[in-house]
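This report concerns only the one structure given below.
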C-alpha cells in the first residue's frame, strides 16, 4: 500500500508529490493509444505479493458473481497478530516521532536522497510540511513506521498511513490512507517493501480498521481507476532554462512567454483567501460537490481546518464570496512542493503547485482554476499540476495544460468495486 500526500503532495512522499518531469508528449493525439498499449503490457505481468493480498485481481474481472464490498470479513482485534513481523537480523523496527525536530530533519534528508522518482530531481519537504501531511487530527504515531540498521541506527526505510473516511457508493468506510513507502535506494532488493506493507496492515487492523486507500505509479493489481497528470507552465522561461522542457517547433521564447502569460490579478469578483470563518461553508460546498462521485473523501469541519486552511508554503485555499448575499459560492485550493535542481548555475529550486480540489457553483470551473493559476503565479510558483479526476478534464486543454506520461493508479485494499471507474467518477483527495 503506497502513495503520498507528500508527492502530491499527493510515491515518494509521494504522496502529496507527482512527477516533476515536464517533458511534454511529442504527439498529444496518439499518447492515449501508446499509454493504453503500455498498460496492457503491464497488466500481463504478475505481482506475487499483491496476488496474495485482499485486493481486486485481474483474473476476477469477468466474474460478475463477486459482490461489492469487503473482500475479507473483519475479525476480532484480539485475533490480529500482536507482535511485529520479523525483519532480517541486521534491521529493527522504529517509530518515527514527527513531533521531534531531529526526526523531521532525518526524515527530510532520507526522503530527499531516496525518492523513487527521477534521480536528478530531489523533493524538499520542510518539517512543517511533513507534520501537516503525516500528523492530521486523530493520527496514530504507531503508523509512522521506520526501519533502522541495528548497529548504526541509520534510517533505511519508511512507511506511514493515517486514518480517513472514504465514501464508496452510499457507504462511508473508515480506512487507512497510505501516504508513503520509501526504501533506501541501495536496499531495494532486500524484500523490505512487502514486509513493511504487512506490518502497517497489522497495525491498522489493531485499530479495528480493515480497509485502505493508496496510489502508485505502477500497476500492482486491478486499480479502481487510473488518472493522468497534466501540467501548466507558469514560468516557461525558467522551465526551458533548466532543461525540463524545450521550445516547441516554430516557437520563440518571447512567443512562448506570451502564450502562457496570465492576468496580473484574479478576475472573479469576491475572490479572496480562505479564512477560518469560512470552514463550515467550505465543508458544505465540498460535501455537496463530492456527493456526485462514486468514490470520494468524506470531509467534516476538522478535516477542512487541517487540510485546507491556508498555511504558508504548504497549502493555499481561496473562496469566492457573493457581493450580494455574502455567501461562499466557490472554492479552490492547491498545495506545493519545492524541488532541488542540481547543476544549474542560475536556478537552484523549482516551485510546484498541485491542484487539490475545485468547487464551482456560480463561477465557471475554468475561470475559477484560472484565478488559481493567477495567484499561484503571484506566489512565485513555476508550474501547476492537475490530474483528470473529478471534473478537471473540462478545463485542462482550455487553460493550456499539457498531458504528461505519468499516471496515478488508485487502489482500495480489502474492498471490491464491481466495475472500474472512470477518472471523472473519482472524488478522492489523497
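Every residue, even glycine, has its Cβ placed from backbone N, Cα and C.
Swiss-Prot lists 430 with the feature active site, proton acceptor, giving similarity to another entry as the kind of evidence. Marked as tetradecanoyl-CoA binding site by Swiss-Prot on the basis of similarity to another entry: 47, 48, 49, 50, 181, 182, 183, 189, 190, 191, 192, 193.
Other C-beta atoms found within 10 angstroms of the C-beta of residue 192 (tetradecanoyl-CoA binding site) number 20, with every protein chain shown included. When secondary structure is read from DSSP and collapsed to three states, residue 183 (tetradecanoyl-CoA binding site) falls in the strand class. In sequence order, 194, 197 are the residues of the chain that are 6 or more apart from residue 49 (tetradecanoyl-CoA binding site) and have a CB within less than 8 Å of its CB. The binding residues for tetradecanoyl-CoA are recorded as 47, 48, 49, 50, 181, 182, 183, 189, 190, 191, 192, 193; their greatest pairwise CA distance is 20 Å.
Long-range neighbours of residue 190 (tetradecanoyl-CoA binding site) (same chain, six or more residues apart, CB within less than 8 Å of its CB): 88, 183. Residues near residue 47 (tetradecanoyl-CoA binding site) in space but far in sequence (CB under 8 A, at least 6 apart, same chain), listed by position: 219, 220, 221. Its Cβ taken as reference, residue 181 (tetradecanoyl-CoA binding site) is surrounded by 28 other Cβ atoms within 10 Å in the chains shown. When secondary structure is read from DSSP and collapsed to three states, residue 192 (tetradecanoyl-CoA binding site) falls in the helix class.
Taken residue by residue with DSSP, residue 47 (tetradecanoyl-CoA binding site) is part of neither helix nor strand, so it is coil.
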